[in-house]
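Everything on this sheet refers to the single structure shown next.
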Amino acid sequence: MEKLNLVSLPHFVSVENLSVEEVEALIKRAEYFKNGGATPRLTQPVYISNMFFEDSSRTHTSFEMAERKLGLTVIPFDPAHSSVNKGETLYDTSLIMDAVGVNIEVIRHSQNEYYQDLIHPKKHQHLNIGVINAGDGSGQHPSQCLLDMMTIHEHFGHFKGLKVAIVGDITNSRVAKSNMELLTRLGAEVYFSGPEYWYSSEYDKYGKYEKLDKLVPEMDVMMLLRVQHERHSGDPNEKSFDAKAYHEEYGINHKRYQELKPDTIIMHPGPINHDVELSGDLVESDKCMFTRQMQNGVFMRMAMIEVVLRGRKLGGLK
Amino acid sequence: MEKLNLVSLPHFVSVENLSVEEVEALIKRAEYFKNGGATPRLTQPVYISNMFFEDSSRTHTSFEMAERKLGLTVIPFDPAHSSVNKGETLYDTSLIMDAVGVNIEVIRHSQNEYYQDLIHPKKHQHLNIGVINAGDGSGQHPSQCLLDMMTIHEHFGHFKGLKVAIVGDITNSRVAKSNMELLTRLGAEVYFSGPEYWYSSEYDKYGKYEKLDKLVPEMDVMMLLRVQHERHSGDPNEKSFDAKAYHEEYGINHKRYQELKPDTIIMHPGPINHDVELSGDLVESDKCMFTRQMQNGVFMRMAMIEVVLRGRKLGGLK
Amino acid sequence: MEKLNLVSLPHFVSVENLSVEEVEALIKRAEYFKNGGATPRLTQPVYISNMFFEDSSRTHTSFEMAERKLGLTVIPFDPAHSSVNKGETLYDTSLIMDAVGVNIEVIRHSQNEYYQDLIHPKKHQHLNIGVINAGDGSGQHPSQCLLDMMTIHEHFGHFKGLKVAIVGDITNSRVAKSNMELLTRLGAEVYFSGPEYWYSSEYDKYGKYEKLDKLVPEMDVMMLLRVQHERHSGDPNEKSFDAKAYHEEYGINHKRYQELKPDTIIMHPGPINHDVELSGDLVESDKCMFTRQMQNGVFMRMAMIEVVLRGRKLGGLK
């Protein structure tokens, strides 16, 4: 029997309140699943539903996979055909999911902290359903953050003193903010690069902004962010967006790739804009962890769901 | 072994032909499932598909849940991506579902009595697939009707002499017509209220129309109907629809809530227009059965599906 | 134990490279499944995903059914909500499916030979996922082709010397080209009919074009093709398309039906345009194999998926 040292929570909406020990326990548990470790035996059926109000093939598919590997029963939910079209609130929709017997909702939604209503129902409200946040607006994306940590830990075995550059569209990235905060707490040194108009002084407390070419030969991790074209409509900087110029100035091309230290890794949350953040033919290069991140994501999501299973004593777990 | 006293049918499209004894047997069976009673053991796989040509998160999710609790195999069907877009008829689509081995179709469709072609194929036609009606146009919605009956029965233990008010958008409600007919047969007294332009003399045989404030202190059940904004386009009454005025005149607000008898319950099929039919903060009040109805819906749908399983001798059942 | 004589392949994208023996082995295996033969016992879970970038209820539903009958775990994928909307390539999407642990992708896509990139990754690419082609542009549709062969074989017991007419919209038909090629190799005699502007001299090597009324009394198989209205936008012949005239000149009406030989069968891949290719009330006539084709499709797809399971040693198969 493996020794469990797991946090158990009724909801998993953020990484902010996780201690360093809890993050490490989650990574350890995800690695255990990745190495073929047995999943907990559920003595009662557990019903889970994936409610993706924003598009995301990778996160959605990864959760679907994690849920089935844990032996959960997945109840399909299609926001496009739901009564949200008739003006129903997310609270009322959750009330229904709870009432029909769904135990956990995995939600992605464009509204920041959409989950506050769901996990802290007001007085006289009785909603009682687990919420796992799969991304809220420009807020958190805890599963992406934790799979990134797992991928770094898998490669280096530790975080202490690692130099990590976060490069690109920081303003619009859900994962950048969680990552800079958590990496700092885990003992890594954070740096920033990319277009200066996407940098903000609020990040100063986590690390400093540098030109990309200064960072390239020094970093252990190059964490590239996706240019989120779909979030920039109306942004004056976007009108003049020039993919070639971006790649030249802020992207990892072959020349910069050669200058990276031998053990350095490149990370990207996907979907990758080829020849913008990263030269297309480097997606499957040795240093690029893109597919490794996806692989690890399934196992980290299994660990996260298990935390909620235990937190709610579902499936007969304690 | 529980004693079964169940109706068995090849299709379940309406409540009109159910006897009072059959309705009571269905309620009893649903209560049995709700109390944790074992589901029938299927010795062969049964394939079922949910074909929702109109939006409905609650009914759809409830059927998905009921099917899995019964151990059926659910074959996904997305009308938006189906060949109905290439002009295929519902009959031909059903012919295909039958041919590939789907045993039962659960259908919601905007056309009244869409199912006639499917359950009474013409001469020389060989369609042979179970149909469960999840709502046809402004026609029937048998599972909603029966879960309402179950909810009333659960609270009062009987129907005889109960005073039930049906309030609101009766013309456009699938469930109102089934409910008024069935409640009358079960021995309840039916009353109507709401905007007079949504009332029609054809309902006179079931009960009489009264002002809401006269009914409030006398009723045992206040059955509120959803104002179906999406069905009123072009309705001259709709143009001037004033949510605040509706709530004031026809909605259950706090003042009216206080005047209800201690044991009275409020029902609503959902989705609720907050502060129209019902004051938003009364959705989870003690008298409001909204979430109870959803809960019961899963177990009633299990009972209904079982009726068709037995009617078609599916899964090895008799 | 049945004796297996099956081809095993890492991908199933075309019928072109199948030998006559392999086609016959696939038909035999599909007939074995149809007769209730046991499916191979999977000792490990196998994950499969259906990625239909073009609408098709029949093919999609048939694969969903085949997969469940084989005991595979189906991971849902909705192209409409996928990151393909953010400009992701099919290669990158497949890389993700592979990374999260999906073993086989069943793909329908509008691009001819979309699968070349996926089954022959370039140097330094590591994609490793099984691809089953469920239709590529105006290219192949191997499962439809093979279920057609199975249906002919089931009826006649052989192919040698059978006279098969392919009638109608040949240019836009994925299945016509595979069928003419494979039927010829299997020993059947192919003929063509329908509007001459949809005929091309490139088909001359498989058979000759004749007027429909000459073919009707001589053929063993009338293979009708669907008029693909949705692919003809901009086609000058389409503007003047007259369903009644088409039916009169190129369709099977009651008069032509009577002239068919007693043992002749009519085939149609669906969806049928009633009273265009075929008189609507002949869809379920004795000679019409429309529903039989659908039935057989599930079993043929089981056989095809099994070929890839064995080719990739999935589920513990060899």
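Every residue number used here counts from 1 along the chain in the order it is shown.
Every residue gets a Cβ built from N, Cα and C, even glycine.
Positions annotated as carbamoyl phosphate binding site by TrEMBL: A:ARG58, A:THR59, A:ARG108, A:HIS141, A:GLN144, A:GLY270, A:PRO271. Taking a C-beta cut-off of under 8 angstroms and a sequence separation of 6 or more, A:ARG108 (carbamoyl phosphate binding site) has the following same-chain neighbours: A:MET51, A:PHE52, A:PHE53, A:GLU54, A:SER56, A:THR59, A:HIS60, A:ASN133, A:ALA134, A:GLY135, A:ASP136.
Within 10 Å of the Cβ of A:ARG226 (L-aspartate binding site) there are 21 other Cβ atoms, across all protein chains. DSSP assigns A:ARG226 (L-aspartate binding site) to coil, not to a helix or a strand. As annotated by TrEMBL, L-aspartate binding site applies to A:LYS86, A:ARG174, A:ARG226.
Per TrEMBL, domain 'Aspartate/ornithine carbamoyltransferase carbamoyl-P binding' is recorded for A:11-154.
The domain 'Aspartate/ornithine carbamoyltransferase Asp/Orn-binding' annotation in TrEMBL covers A:160-306.
In this entry, A:ARG58, A:GLY270, A:PRO271 stand out among the binding-site residues A:ARG58, A:ARG174, A:GLY270, A:PRO271 as having a C-beta under 8 A from a C-beta of chain C.
Annotation for A:PRO271 (carbamoyl phosphate binding site): spatial neighbours A:ARG58, A:ARG226, criterion Cβ-Cβ under 8 Å with sequence separation of six or more. In this structure, the C-alpha atom of A:ARG174 (L-aspartate binding site) lies 6 angstrom from that of A:HIS141 (carbamoyl phosphate binding site). Neighbour count (other Cβ atoms within 10 Å of the Cβ, all protein chains): 23 for A:ARG174 (L-aspartate binding site). In the predicted model, residues of the domain 'Aspartate/ornithine carbamoyltransferase carbamoyl-P binding' (A:11-154) average a pLDDT of 93.
Comparing the binding-site residues A:ARG58, A:HIS141 by how many other C-beta atoms lie within 10 angstroms of each C-beta, the top residue is A:HIS141. Across the residues annotated as binding carbamoyl phosphate (A:ARG58, A:THR59, A:ARG108, A:HIS141, A:GLN144, A:GLY270, A:PRO271), the widest Cα-Cα separation comes to 16 Å. Highlighted in sequence order, A:SER56, A:SER62, A:GLY135, A:PRO269 have their Cβ within 8 Å of the centre of the Cβ atoms of A:ARG58, A:THR59, A:ARG108, A:HIS141, A:GLN144, A:GLY270, A:PRO271, the residues recorded for carbamoyl phosphate, and are not part of that set. The DSSP secondary structure for A:GLY270 (carbamoyl phosphate binding site) is coil.
Residues within less than 8 Å, Cβ to Cβ, of A:GLN144 (carbamoyl phosphate binding site) and separated from it by at least 6 positions along the same chain comprise A:THR59, A:GLY135, A:ARG174, A:VAL175, A:SER178, A:PRO269, A:GLY297.
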